[in-house]
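Engineer: If you look up TrEMBL, you'll see A:1-19 marked as signal peptide. What TrEMBL lists as domain 'FAD dependent oxidoreductase' is A:5-324. Feature annotation from TrEMBL assigns FAD binding site to A:Thr43, A:Ser44, A:Val166, A:Thr183. Sequence annotations record features per position, and here TrEMBL assigns D-dopa binding site to A:Tyr223, A:Arg278.
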Amino acid sequence: MASPKVAVVGAGVIGLSTALCITETCPSCSVTVLSDQFSPNTTSDVAAGMLIPHIYPDTPIHRQKQWFQETFTYLFAISNSAKASEAGIHLVSGWQIFKSTPKEELPFWSDIVLGFRPMSEAELQKFPQHRFGQAFTTLKCDCPPYLLWLEKRLKATGTQMYTRKVADLWELHSEYDIVVNCTGMGAHQLVGDKQLFPVRGQVLKVHAPWVTQFIRDGDGLTYIYPGIHRVTLGGTREKGSWNLSPDADTTRDIFDRCCSLEPSLQGAQDIEVKVGLRPSRQCVRVQREVLSKGGVKLPVVHNYGHGAGGFSVHRGTAKEAAHLVEECISALQSLSSRAKL
Amino acid sequence: MRVAIIGAGVIGLSSALCIQEQFQSLLPSLELEVYADHFTPHTTSDGAAGLWQPYASDRGNLQETLWNKETFDYLLGQLHSPAAKEMGLFLISGYNLFTEPAPDPSWKNIVLGFRNLTPKELELFPGYSHGWFNTALMLEGRSYLPWLTNRLTQRGVKFFHKKVESFQELFSQGVDVVLNCSGMRSGDLQPDPELQPGRGQIIRVLAPWVKHFIITHDLKSGVYNSPYVIPGSEFTVLGGIYQHGNWSEENSAKDHKSIWESCCQLLPALRKAKIVGEWSGLRPARPSVRLERESIRLGNVQAEVIHNYGHGGFGITIHWGCAMAAARLFGTILQEKKQLATPPGPRL
C-alpha cells in the first residue's frame, strides 16, 4: 500500500492531535480530517485545557500515567520554546484544595507535574473552609490557540481538512483505507456506543488579568483557571444532560462559588458563558476494530471517551491510536500481499 | 497642627495615610498636606513593576527585614478585601534563579510556599543550577498610588503640585512637622552622600501567557543587573539594569538591547511579544533606609522633620512597615508637644 488514505473524524483536541501523530509515525499516509465542527466550536474550545488528570475507573492506572506523562513531556517542551505563545501553552501554578483530607494524598500524577507538595498552613489560611491542599505547577493549553496551532501544523504536512458531517462510518469506505474515530460525544450516535454518556459542563470565561494562580476544589466542581486572555470559572458535572444552552441560575452559582474562593473575581469583566458535553466513559476507548458489511472490511481505530481528561492525556492516546493505525496498515499490507499470491 | 509630606510616591502617600488613619480622630486640628513635583503616573513608584521582593541578601539589616514582613503581612490581609483589585494587589508565584548555590534569603518565611527548585523545573532555565520557588504579591503602583490618593482626598488631605526647595520654606509658612519622602531628590533638600541613584531601565511588553515572575541573580554583577521578567495585570515588565551613580533618566539603546536579548534568552517565547513601552528610573539607593527624626532649630522654634527615604529597589516591598514607623515617630513628636495625653495604640 503506497500511500494509505486515512480519514480522521473529529477536529477537537483528540482528532487533531491524533491526525498529527499519524503524520509523524506514518509519513507516507495521506491524512484527511473530517468534522462537522472546527475550532472555536468544538467541545475542546469550551474546556480550560488544564493538565490535571481525570481518573478513568476502568483504565489501568499505569496506562493513564503513561498517557499523562507523554502529554506533559510533549507540552512542556513546547512551553519552553519560542512557539509557546502561538501554541497557547503556558505554565500555571496554584492549588488544589479539599474540605476534608482526601484518602489519596498523593495522586498518581504528583511526580509528573512540577514542584508538587502539600500546602503550608499559611497558604491554607486563604481558604478557611478547606483544611488540606496541594500546591503545584502544571501546564495549560489555551483554546482556540492550541487547536489552531495543531491545524497549522497539519496543513504544513499536507493534511486536508473538510467540514463534513459523517452520519455513518461506512460512508467513508470507498474513499479511505482506514477511519479513525475521534468524534467524542458524537460516537454515541455514530457507532452506537451506549457506554458513552455526556457530563454537561457550564463555564464562565471572564476578563480578570490579575488572577495568576489556579484554584481547584478537589471535588472537581469549582475551579478558577487563568488562561492567556481569559480566566475560566467552573463549573458543573451534570451526568446524562445533553443540554447545550447556558443556564442563568448556574451562571450565578458558578460565579458565587468562585468568588468565595477568590473574592477579587467580583471585579471580573466581560463574562462569557459556555457549555460543553464531556464525552465520558468508564475507560477511554483506544481500540482497533474491523467493521464488516457484505464482504467489505473497514479498519477503524477508535480514540474517544476522554470525559473530563481530554487535554491531560491527549498526546498519549493520540500516539497509541497512531500505533493502532500502523497495525491496521500492516494488516492491510499483509492482506494485499497474500491476495497477490 | 499642619503636617507637610514632601513626595507623592508610594512612601509619601502611604506615610500620609498612616498618619491620617492613626491621628486624625485623636487630633481634630490635624491638617495634612502633600507637596510633590511629580504625581502618579509620573513617579518612580509608577515605573516599578510592583513585585514584593526584598533583595536576595539582606545587607545585615534586621530592621528592614521586619518592615518588609510587616508590609507583606499587611498586604496579605488586604488580599480578600473588596479594595484589592483597585489597589492593584494580587498573588503571584515565580522563580529566583542562580548560577551557584545561594543562602536562603531573610524573607523565606515571609512569602508563601518558599522552596528550592526541582531538577525538572531547572530544565526550564538552562544555565541556572539553583533556584527558589515561592508565592508573593504584586502591588502595582499605577493602581496603588491612585487608590492611596483617593483615600487621602476623601479624608481631606490637600495636594499641592510644587517643588519644595527647602524644609525652611514650609516651616516659614506655618507647617509644624515635615515628612521627607522625597526619594531620589532628597539630596536637594539636605545633602546626603549616601543617597545615590541606582538607575534602572525596563521594557514593557504584551506577553499575557507569562504567569510567573522570573528573577535571575548574578552574584558577580550585583542586584538587578541580571535579567528579570515580571508579569503584571496590563503588561509584562522586562528588566535587568542597575547602574549605581548614573543619573540619566533617558532610555539607552544599549540597555534596551541588553534587556531584550537576555530576557528572550531566558524565555524564548518573549521574542513574539509586542513591545508597548520603555522607561528609565532612578532607584533611591542607600546603604540603609533613612527613617529617623531630625529636630531643626529655626529661630526660637523647634521644627521637626521625619526622614523616610532611601528605599532603593524595594520601596513597594517595605513601604507599609516604614509608613507605620514614621507614624510612630510622629506620635512621639505629638506627645512631646503635649498634643496628646497618651501615645495612641495600634490602629485596628
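Including glycine, each Cβ sits where the backbone N, Cα and C put it.
Situate these features within the shown structure.
Structural biologist: Counting residues 6+ beyond its ends, the signal peptide (A:1-19) has Cβ neighbours under 8 Å at 26, 28-35, 37-39, 42-44, 47, 49, 141, 143, 146-147, 150-151, 154, 159, 161, 166, 169, 172, 175-184, 186, 190, 303-304, 306, 310-311, 314-315, 317-318, 321-322, 325, 329, 332-333, 336 in the same chain.
Taking a C-beta cut-off of under 8 angstroms and a sequence separation of 6 or more, A:Val166 (FAD binding site) has the following same-chain neighbours: A:Val9, A:Leu34, A:Asp36, A:Leu172, A:Thr183, A:Leu190.
Look at A:Tyr223 (D-dopa binding site): DSSP puts it in a strand. Counting every protein chain shown, the number of other Cβ atoms lying within 10 Å of the Cβ of A:Tyr223 (D-dopa binding site) is 24.
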Engineer: Provide the three-state secondary structure of A:Ser44 (FAD binding site) computed with DSSP.
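Structural biologist: Looking at the DSSP assignment, A:Ser44 (FAD binding site) belongs to a helix.
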Engineer: In whole Å, note down how far the CA of A:Tyr223 (D-dopa binding site) lies from the CA of A:Thr43 (FAD binding site).
Structural biologist: 18
Engineer: As a test of the contact definition, list every same-chain residue at least 6 positions from A:Ser44 (FAD binding site) whose Cβ is closer than 8 Å to its Cβ.
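Structural biologist: Listed in sequence order, they are A:Gly12, A:Val13, A:Ile14, A:Cys143, A:Leu147, A:Gly310, A:Phe311.
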Engineer: State the count of C-beta atoms found within 10 angstroms of the C-beta of A:Thr183 (FAD binding site), not counting that atom itself.
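Structural biologist: Summing over all protein chains shown, A:Thr183 (FAD binding site) has 29 other Cβ atoms within 10 Å.
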Engineer: For A:Thr183 (FAD binding site), what is the secondary structure state per DSSP, taken as helix, strand or coil?
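Structural biologist: Coil, per DSSP.
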